[in-house]
Amino acid sequence: MSSENGQGGGGAAGEGAPPEQLALIRESVRQAKAPRAKPRTWRGAALAEELPVARVLVDKGVLHLDRYFDYAVPAELDADAQPGVRVRVRFGAGRGRVREGRREGGGLIDGFLIERLAASDYSGPLAALAQVVSPEPVLSQELLGLARAVADRYAGSLADVLQLAVPPRNARAEQRPSPAPLPPPGAPEAGSWARYERGGAFLDSLAAGGAPRAVWNALPGPEWSEALARAVAATLASGRGALVVVPDGRAAARVDAALTALLGEGRHALLTADAGPEKRYREWLAVRRGSVRAVVGTRAAMFAPVQDLGLVALWDDGDDSHSEQHAPQPHAREVLLLRAAQDKCGFLMGGWSCTVEGAQLVESGWARPLVAGREQVRRSAPLVRTVGDQDLARDEAARAARLPTLAWQTVREGLRHGPVLVQVPRRGYVPRMACAQCRAPARCRHCSGPLEARDGGAVGGSLWCGWCGREEGAWHCPECGSFRLRAQIVGARRTAEELGRAFPAVPVRTSGREQVLDTVPGTPALVVSTPGAEPVAEGGYAAALLLDGWAMLGRPDLRAGEDALRRWIAAAALVRPQGDGGTVVVVAEPTLRPVQALVRWDPVGHAVRELAERAELGFPPVSRMAAVSGTAEAVAAFLEAVELPREAEVLGPVPVPAGPAGRPRRAGAPPPGEQWERALIRVPPGRGAALAAALKAAQAARMARASRAPRGGEDVVRVRVDPPDIG
DNA sequence: AGCACGCCGACT
DNA sequence: GTCGGCGTGCTC
């Protein structure tokens, strides 16, 4: 069916007219209502002879607009208007004004050209493409397919995902040609992969063009980045590309260095947030154009358009920085899983610890475990000792000072041989308070927020609520009636001061969010750090002290145990092996499951047990959950309207506690002064896609209505698939 | 969001 | 008759 490319008639639209003016005269209302002999007519413009229709994704993240629109391709844009390019189109403005015989649409907005077609299935007349922004085809079929899958998985819009996947255009970066690609390197030696039972086989499979899938429990120590580099090199040797996603810039720099050491310059790109927009786009283009076949980067790199992908790899998937902050908040693990499935490429998910999701991938048979033997683990890991309540009770010194005797001894002994790491769970000087007797957290009597001591943690001073800011003058424990408080978590600086005074001859360094140290020398020093900011010590730490473990485990979160274990292991993995005197002391109850897993150095076993428990309780990731939040009326109306799959189960809604005052509001938290509710929706395994589809459909319907409502927005709900904080 | 279409009441 | 308020629906 070829469409009629009518020419002439619109003499006013001369060849010099801007393309958007080539849009058509709208048929009169009467004609539109009459049965249409010729379904559409383009007049006034010379259109492309072949495939005169462009299917366009309009770049507006609104759900009811999450579909394609067809535009006519003017002849002069024919050559550039190829699939994948950025375009600008007139959009909106109702049916358009008819002025001087030409229709003028609404404002110019951006979009992506999805495909060229011979005819449109739209029954009205088409507007013309206004502009091809640049001929660079930034949106490949693969990337489009991935973005579509991610949008579906997270009940989000394609436009939202594309905003995450395609960086903003930069003309200067685009003009510059990318370098010529280097030929594939030879296959690498096994290196540290030889320490794993199936490590060599995994590497061989990649080098031979295979697509092995593995969940890798990495041995403690610094070799992980080199191992990732070898997996990349093996994939490149097969003539394919590779992608590595890591949680932060420091980890990216390590893998970058390992890749440079193994392959030299020019074979890989580093995609991180701290490069400027031009450099970032230039690197991204080099990847898209096939000049560079390997990528390492932080979460935004999960969409990197690596050509002929042979391997996707993810390091430390339990780190919450793998969760994208922007809608629809996809997690790098899930994106790379979708990518591996779609591109039928290799998959490698590694870490010193193991998430429940990792255990699930192995248990389901989708991936194979890549682990070292117990003997190898024992040789690589430090000795782990615990200090529990019983020890503390017996320990007079511990009651006076904050540190138990074993901890003192370990630090003193460690400092004779090298640096000692002290991990404290929270930065800053402001401690949160708990009952000194029963350790129940001290909470605000008005809003249940955490009470904090503002004056440097002096017990007996005044208390303030961290959420609503009210002062608490006469606290007593609602659980046991005690009037005594203790600092639940003492900040890094205070601990550093205490330890510094105790070991005056030793330098104290701190690493935390405001200043992260990358490495420290192998000389004796106290290194006080918050989780995730631990510097790497040259030659490894002689010892590590993991403080306030019970506070870390006390969080009312599904992942509290897994998280605590992951953070402890991340610190302990920087300590020398037991054979070289490496010792770790954790102040936590030895009977608790994560503590036992640390002592035995068995994060996989821990994850497997957690997985079994989650399956039994119907928790994610075994079942899938979504959170719907908003005002009580909005949530109720949404739940009324949504057509959930049969098996779906609605939990709640329950009131959402007000977010901490003053601090920037997280998505899903109510705006100041508004009371929100949240419902959880749960579906059994295999019904996640149906749930997401139902949520998306209901949201689209409601958004369309909400935009019409007076003071629109009040009945809009927030939908989040895989909510991160399930108590 | 933004705009046009159309139905219905009020006014020249 | 015709003007215009606002409820509804569409945007190629």
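Count begins at 1; order follows the chain as displayed.
From the backbone N, Cα and C atoms, a Cβ is placed for every residue, glycine too.
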Annotated range (TrEMBL: region 'Disordered') out of A:317-337, A:506-526, A:653-673:
A:653-673
Within the domain 'Primosomal protein N' 3' DNA-binding' (A:56-167), count helix residues (DSSP H, G, I), strand residues (E, B) and coil residues, in that order.
27 helix, 35 strand, 50 coil
A:CYS444 (Zn(2+) 2 binding site) and A:CYS435 (Zn(2+) 1 binding site), Cα-Cα, nearest whole angstrom:
13
Those residues of the chain, 6+ apart, with a Cβ under 8 Å from that of A:CYS438 (Zn(2+) 1 binding site):
A:CYS477, A:GLU479, A:CYS480, A:SER482
